[in-house]
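S.K.: Sharing the feature lines straight out of TrEMBL:
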ACT_SITE  S161  active site, nucleophile
ACT_SITE  D339  active site, charge relay system
ACT_SITE  H371  active site, charge relay system
DOMAIN    26-89  domain 'Partial AB-hydrolase lipase'
SIGNAL    1-17  signal peptide
Amino acid sequence: MGPFPVVLFIPLALCLGGLPEERMTTSQIVDFYGYPIEEFESQTEDGYILKLQRIPFGKTPRGLSTSSKPVVFFQHGFIASSADWVTNLPHQSAAFVFADAGFDVWMGNVRGNVYSRGHVNKTKHFWEFSWDEFAKYDLPAMIDTVLNITGDDSLYYIGHSQGTEIMFAKLAEDPGFGKKFIFLIKKFFALAPVATVSNLHGFLSYMGRFFGKDISKFFEFFGSYEFLPNNFLTKLFAEITCGWKFTNPLCDNVLFQIGGPESNQFNTTRLMVYMKHTPAGTSTQNFVHWVQLTQTNRTLKYDYGSAAENEKHYGQPTPPEYDLTRVQTPVYLYYSPSDWIADENDVKTAILDKIHPQYLKRVKPMEDFNHFDFIWGLNARKLVYDEIIKTCMGHYIRTKNHF
């Protein structure tokens, strides 16, 4: 047929209808729904420039209150962005729900995603990072920025998937930082928590088995720079493959093959909004690190592929392990037996068996939730967000009155 029909098809795909949020940024979505939005930049110790979005108040009487507000920080998962927290309708999206409940809402973006691609001295080494660097550099930089701007001395942290991994890693890696975070992080809410993915199911488990431990295969196959960027081509691919009624079920099934079986709480009318914002980009090295975790039941740092390279970076021939027994922050876990990424066996062995019971304040198994339902599920507000809001508000009022 030649390229001509394809050339004609591209503008046709781009001219399709769809929801306006499909073509918006996180901040534009927030503004579209009539909420206030602010953007800030945070510079890490190693020079990366990260973008933060803030919803300082909501639209309800409680949300509009001018009295002091508890600060909540949302951290997205793998190949995702702050958009995860606003891509459902306002009464279902975590960021809007918390703003209307009276919180000062902040959303982070780690290095390399669509919102955090800056550096004070950008070079070809920009993409040489994994979630180790998110934990070591990005997390403290973003949280320091939030607390400096709000004037608060502490906040509530809510992470999804990789957003939980990096907090676990930071609290485990630096005992002094962990002790400090008893005061900076009031409570840590882990949605679909991960510390390793040795029992991964579905499509991603096949990837792990296919590539094995030879990291050179990854870089030969995917290159050594950006992995799954949020750009014209990925959006066009989403439009062509997911923007038609007859292909919509296929897209649903792709997500279910990654995150777990359908739970009947997936809003198919929002599918294209999700797909236009995810993937949001990361590095190939970060993807490799995640695949490495399919080969072990331990929470290990990135393996550079040889004893010599590991020795250069770590002073030992193998990558060190994050010791979660050091975590000393109140943790609230929300996981699901139906989650194919944050498998319940991994949750038990890598998290529940490691963190001291003194700091495990809530462990709630969620029936009929897959990995994505914690951010996109229609029941997430009723079964997860409302409970977290009640916990945080009760704690905030008690501690505020105490002081």
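Glycine is treated like the rest: Cβ placed from N, Cα and C.
Note that the structure is a prediction, hence the values are computed from the model and not measured.
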S.K.: Rounded to the nearest Å, what's the C-alpha distance separating H371 (active site, charge relay system) and D339 (active site, charge relay system)? Just drop the number here, would you?
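M.R.: With distance taken Cα to Cα, D339 (active site, charge relay system) is 5 Å from H371 (active site, charge relay system).
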S.K.: Around the residue listed as 'active site, nucleophile', how many other CB atoms lie within 10 A of its CB?
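M.R.: A count of 26.
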S.K.: What are the DSSP helix/strand/coil residue counts across the domain 'Partial AB-hydrolase lipase' (26-89)?
M.R.: 15 helix, 19 strand, 30 coil
S.K.: For H371 (active site, charge relay system), what is the tally of other C-beta atoms lying within 10 angstroms of its C-beta?
M.R.: 28
S.K.: To the nearest whole angstrom, state the Cα distance for the pair S161 (active site, nucleophile) and D339 (active site, charge relay system).
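M.R.: A Cα-Cα distance of 11 Å.
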